[in-house]
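Visitor: Input: one structure, supplied below.
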């Protein structure tokens, strides 16, 4: 007997199920499918931060790098890994789709993690073995970066795809999804930092690198387990989004000398651009001009294609102004960790907390603040503003930028106290002696870091996802991660320049291996000042930003 055709109200527009049939709203997608994605990301972030959070300790310990070199190495690896999300998103949006890209990248991820664990087992009895171990280690590390590059943007975009933005209730759930997504990410990060860093420093580096590998295998099986419940987006156009957007720029350049009064596209597939000549990025409107001596359908672009190109251009000013925040974001896994290694970390009858485990205060504070934000702040703010998400994404991002600047100011004051105590106890030339200062002094800067991330990072995720064209959702989230990647690389460059400038003429660099002679306080104060400048620039950009339709 022939299956009855589902009612239009029961199906989700531009989505199919795993059999390729129109996706039914009641049996696909929603929180059930999105929960699989959150679970997968919890395990993946456990794996990533299980490696990254204590990487600087491994580099300065078993691999023997200096503090400045190790910080640069961590920042470069983190930066390239995040920038590789642009490649992963491009492949997903143009060729493979998000589902297959997640599968491919998961396999690469697991391979890199298993090789990294094996590299820590290699003996270092000679300089030749040591060199081989170093090469093997970095090959494994960058395989992890490649895997993360494909995995990170696609899993989150695929999770958000499980909610229909045209359905009122599901649109509300999608906004909450980004909050609870970040909650899950930070819960996984919190456990990883505590469990894995303790294992690495007290049991075995190889075992510490192996646990994230096991978690990534679990993540892969969890993703496959939910296959039958997912909604899969249908491509709206035959051409790839990059080809369409590129064609707009080419056509606009080709028609730059044409009169703006020449006929525009009148097919009705988008806004009437003839009325928007004075609007933002109006020079792209010339892509819709029909040259009098050309074939109309062979040359001109549609109005919707021009709007897609404008949507991509509109996000770049925001991307640029949050780069300083990304530089600040890179500090908690590098200099904060080395800072914590110099002070008293004892708790509960002499138990010593690993320095890298102090970073767990960031995800812990995020877990607390994200719950308060979604369950308390959003409903109250919604009652006053009438906005579904409480405040706009740009307001959310800007609030986080302010908190970020304050966190660096607090870090400056705490570091100056640490240096003063070291001087008072005659420990300036004794970096091997623990400074009698409790690790609790570092908690405020870690907590403010977490609060800043609740506002800015979640805001950036939602902003980039919402503002890009439908066929570029993976790329939208790759723009978000690429901000963090570029911030890590810029942080590495900034550290390298400052180390070179301040370490000459036998002076102690701001990043001296002996942190009691270093000046991390100067560096933190510089970042605080840059954060204020970046916030002013962000205010200007956000005021002139035109939200995509």
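Placed from the backbone N, Cα and C atoms, the Cβ positions cover glycine too.
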Visitor: Between 177-199, 246-268, 269-291, 499-521, I'd like to know which one TrEMBL lists as transmembrane segment.
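Guide: Matching range for transmembrane segment: 177-199.
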Visitor: Does the chain bring the transmembrane segment (177-199) near the transmembrane segment (397-414), so that three or more CB pairs sit under 8 Å (pairs 6 or more apart in sequence)?
Guide: no
Visitor: At a threshold of under 8 Å on Cβ distances, which of 76-96, 103-124, 205-226, 397-414 pairs most often with the transmembrane segment (477-498)?
Guide: 76-96
Visitor: Between the transmembrane segment (76-96) and the stretches 130-147, 205-226, 351-376, 446-465, work out which stretch tops the count of Cβ pairs under 8 Å.
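Guide: Ranking 130-147, 205-226, 351-376, 446-465 by Cβ pairs under 8 Å to the transmembrane segment (76-96) puts 130-147 first.
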Visitor: Taking pairs 6 or more apart in sequence, does the count of Cβ pairs under 8 Å between the transmembrane segment (446-465) and the transmembrane segment (103-124) hit 3 or more?
Guide: no
